[in-house]
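Annotated in Swiss-Prot:
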type	residues	note
MOTIF	27-34	motif 'Di-leucine motif'
DISULFID	CYS90-CYS104	disulfide bond
DISULFID	CYS94-CYS122	disulfide bond
DISULFID	CYS102-CYS115	disulfide bond
DISULFID	CYS108-CYS114	disulfide bond
DISULFID	CYS131-CYS148	disulfide bond
DISULFID	CYS136-CYS166	disulfide bond
DISULFID	CYS146-CYS159	disulfide bond
DISULFID	CYS152-CYS158	disulfide bond
CARBOHYD	ASN161	N-linked glycosylation site
REGION	173-573	region 'Phosphodiesterase'
DISULFID	CYS185-CYS397	disulfide bond
BINDING	ASP200, THR238, ASP405, HIS406	Zn(2+) 1 binding site
ACT_SITE	THR238	active site, AMP-threonine intermediate
CARBOHYD	ASN267	N-linked glycosylation site
CARBOHYD	ASN323	N-linked glycosylation site
DISULFID	CYS413-CYS512	disulfide bond
CARBOHYD	ASN459	N-linked glycosylation site
CARBOHYD	ASN567	N-linked glycosylation site
DISULFID	CYS607-CYS707	disulfide bond
DISULFID	CYS609-CYS692	disulfide bond
CARBOHYD	ASN624	N-linked glycosylation site
SITE	LYS896	site 'Essential for catalytic activity'
Amino acid sequence: MERDGEQAGQGPRHGPAGNGRELESPAAASLLAPMDLGEEPLEKAERARTAKDPNTYKVLSLVLSVCVLTTILGCIFGLKPSCAKEVKSCKGRCFERTFSNCRCDAACVSLGNCCLDFQETCVEPTHIWTCNKFRCGEKRLSRFVCSCADDCKAHNDCCINYSSVCQEKKSWVEEACETIDAPQCPAEFESPPTLLFSLDGFRAEYLHTWGGLLPVISKLKNCGTYTKNMRPVYPTKTFPNHYSIVTGLYPESHGIIDNKMYDPKMNASFSLKSKEKFNPLWYKGQPIWVTANHQEVRSGTYFWPGSDVEIDGILPDIYKVYNGSVPFEERILAVLEWLQLPSYERPHFYTLYLEEPDSSGHSHGPVSSEVIKALQKVDHIVGMLMDGLKDLGLDKCLNLILISDHGMEQGSCKKYVYLNKYLGDVNNVKVVYGPAARLRPTEVPETYYSFNYEALAKNLSCRETNQHFRPYLKHFLPKRLHFAKNDRIEPLTFYLDPQWQLALNPSERKYCGSGFHGSDNLFSNMQALFIGYGPAFKHGAEVDSFENIEVYNLMCDLLGLIPAPNNESHGSLNHLLKKPIYTPSHPKEESFLSQCPIKSVSSDLGCTCDPSIVPIMDFEKQFNLTTDAVEDVYSMTVPNGRPRNLQKQHRVCLLHQQQFLTGYSLDLLMPLWTSYTFLSNDQFSTDDFSNCLYQDLRIPLSPMHKCSYYKSTSKLSYGFLTPPRLNRVSRQIYSEALLTSNIVPMYQSFQVIWQYLHDTVLRRYAQERNGVNVVSGPVFDFDYDGRYDSSEILKQNTRVIRSQENLIPTHFFIVLTSCKQLSESPLKCTALESSAFLLPHRPDNIESCTHGKQESAWVEELLALHRARVTDVELITGLSFYQDRQESVSELLRLKTHLPIFSQED
């Protein structure tokens, strides 16, 4: 750096620096020569006589004036040449103490004499990470965060957009979309790296609405693989979702069930601002950087929940302890620097995390100018990344996953529920407030498990008309939420309507009128962002929505890793990739089918059937079907293949009827499933089939098969899996559906839901979808883990009713399958669509607050709340569907894991 006051092509300063003295000019020296003190005495005397002449004084005065003027001009033009040449700009003069009519050093601010461009030229480059035309060709200064000097390439300190701004090359966003048929990587990269980049709180709708203001993200969307909605996990909070993305696990499985939580066994509380956040005991499962470490693949994380914690004793190879004050640009540059490390140090997997637009959404709400500014900011940051990758030759090499953890909702102080309004004294309870609130006693851990949560739930149920919250014992929550099997989830939880939140009292919550998240993961405003871009992803593809737990396996495939056990369906995202890496296969059936020949003796069931119903006169003739008849039954009842049983050592036999097929459990003495097809022109009769059963001689007779067994029980009865009221060919179908092999124990309160489902919903589906195939059956999930129960758990939960052991289902499932093409029959679809439900089987309908409501309203609401993935049904029943289909297994997994979102109007 040159000295102060000097510029290229200028002479040195005149006079000793700092003493205020300056050397005489040659002109002044010659004029002062007659006054030299070294003259002889006679000459002095002569001069003295001459000086008495008045004209002499005038001449001397004139000479002295000229000398002074010459000296001043010499100072101006000889000593300060820089002032005349450049006095208006700081370019090339930043922080140098040059003295002119404007200055460019730090003191100019207090003196008030800065050049007009001081801020833009000298100050902004200390914290701005981009070039502009004015900065091009600037002088390099160490205090600038990046350089726009002409030699910045040689010094490797250029701002990321230097090439596009100063060399007039196209930026990444200015280039046209290009199909990347194969990775185009620098020689030092053996395979494409993967970068997982999170924009916290980026609601999916933001891109739908403001995409025109987000050129970089919009280009990634248009050139890569994109889904309009990626489904977060519940609760839709930051830590649970980020950790689910990198583990493939639901919060109940990986342990991070909220941003704030209490563990009764550890007797410790977790929050984002506490030291407990760094305690590895909170983190279960295996995040992808640990998976990578186990398989000798390096990783680098610039922030990610859990990445600064020693999980399983392992940290990423390069990581940063979270610090929200680090500028976004610095994070981008760091990752770009990591990508330039030697191969033996360079990570193969990377994460990046930005707090926006979540922070602005919380402060100002999702529909605000501040959020739009935040979106434009993160779009600019993503653009920096893409330009940086382009400069490194990695823009056609690296696989980028641009993702968010959840959406954002507008809060309102008028849409907050306070429990003290209903409970009065609330000193003995504590509530984790928000849209997914939870309650526990204050005395913990002593009373955590013994507290009477059930009584409190009943007390808070149906207190008001159109109540906006529902108290749930956690095992009654919709199974699709997967939010029960963890002690950190309090036994009493609250489900809130869209836009609503709950707290103990007003003083407990922080704010109410700004943005929030945490609600049901099917609400449209909770949906998240997903874009995949790079050589592995399809070009310009838009895919159906999927859940973020599926991303872990996808990343493992991109990195060549074997995934750790997780909750995902490996291969369900194969349709995002040009060349899928993993090929899934159907699970093998674990229990072979047993025989159920006709061997029972007819007995009196204590039933009274309507005389109009045609009874079964010759059981063997009617149900001992020929091979051709069996094939006809298969094609009509299970056109997509019969469900396979994945439960080990479970005796099941197939029972063929003319109009439906049954998988009957000889261990449970009830059907595991029945399957039939409801065609668009089928009708339901209005006949009464109560108190009418026919004995199925192919199965052992049980007291629970008799009408007399249920006559003295006020709440428990039986229900039919295949509805007897379905009218197709003749009255003979009635007697088939009235067989004892078609009934299950069912609460009378639930029969209302079950009948509406068959009489109304199935009929509507059949008419709208040109027919529908139906598979339904009981569910047993007493340990509420979303998996089918073992025989030991079933035995522990068997109830004795009227001296008879009875196993009452916890839920009932129903899977509806139709054709994607409405012109096709469900008996022969080229492509499928499916819907599924897991309905809680309870002795009352308190969940729905039925008083004063139309049956159609509350049942439809209940069905919507308890919809599920087909995969959820498979996990909880031990069944596997669609195994006879011709589609690839990955395509079937795509179908099974799909779940439509709720619009805000639903």
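Quick reminder: no glycine exception, Cβ is built from N, Cα and C everywhere.
Location within the structure of each feature annotated in Swiss-Prot.
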| residue | record | contacts (Cβ under 8 Å, 6+ apart) |
| --- | --- | --- |
| CYS136 | disulfide bond | CYS148, VAL165, CYS166 |
| ASN161 | N-linked glycosylation site | THR130, CYS131, SER171, MET384, ASP387 |
| ASN267 | N-linked glycosylation site | VAL444, PRO445 |
| ASN323 | N-linked glycosylation site | none |
| CYS397 | disulfide bond | PRO183, GLN184, CYS185, PRO186, PHE189, PRO192, PRO193, LEU389, GLY534, PRO535 |
| ASN459 | N-linked glycosylation site | TYR422, LEU423 |
| ASN567 | N-linked glycosylation site | GLY248, LEU249, TYR250, SER253, HIS482, ILE549 |
| ASN624 | N-linked glycosylation site | ILE598 |
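Within 10 Å of CYS108 (disulfide bond), judged by CA to CA distance, lie the following recorded positions from the set CYS102, CYS158, THR238, CYS413: CYS102. Residues within less than 8 Å, Cβ to Cβ, of THR238 (Zn(2+) 1 binding site) and separated from it by at least 6 positions along the same chain comprise ASP200, GLY201, ASN259, PRO305, ASP358, ASP405, HIS406. Cα distances from CYS413 (disulfide bond) to the disulfide-bonded residues CYS90, CYS94, CYS102, CYS122, CYS609 are smallest for CYS122. Within the same chain, the residues at least 6 positions away from CYS94 (disulfide bond) whose Cβ sits under 8 Å from its Cβ are CYS104, THR121, CYS122, LYS139, LEU141, listed in sequence order. For the pair formed by CYS115 (disulfide bond) and CYS90 (disulfide bond), distance between Cα atoms is given as 6 Å, rounded to the nearest Å. For LYS896 (site 'Essential for catalytic activity'), the spatially nearest entry among the disulfide-bonded residues CYS90, CYS102, CYS158, CYS159 is CYS159, judged by CA separation. Secondary structure at CYS158 (disulfide bond), as computed by DSSP, is strand. Counting only the Cα atoms, the space from CYS114 (disulfide bond) to CYS90 (disulfide bond) is about 9 angstrom.
Distance from the CA of CYS146 (disulfide bond) to the CA of CYS158 (disulfide bond) is 6 Å.
Mapped onto three states, the DSSP output places CYS131 (disulfide bond) in coil. CYS692 (disulfide bond) is surrounded by 19 other CB atoms, counting those within 10 A of its CB over all protein chains shown. Within 10 Å of CYS102 (disulfide bond), judged by CA to CA distance, lie the following disulfide-bonded residues from the set CYS90, CYS512, CYS607: CYS90. Using a 10 Å radius centred on the Cβ of ASP405 (Zn(2+) 1 binding site) and all shown protein chains, the other Cβ atoms total 29. Rounded to the nearest whole angstrom, the C-alpha distance between CYS146 (disulfide bond) and CYS692 (disulfide bond) is 84. Cα of CYS707 (disulfide bond) to Cα of CYS90 (disulfide bond): a distance of 98 Å.
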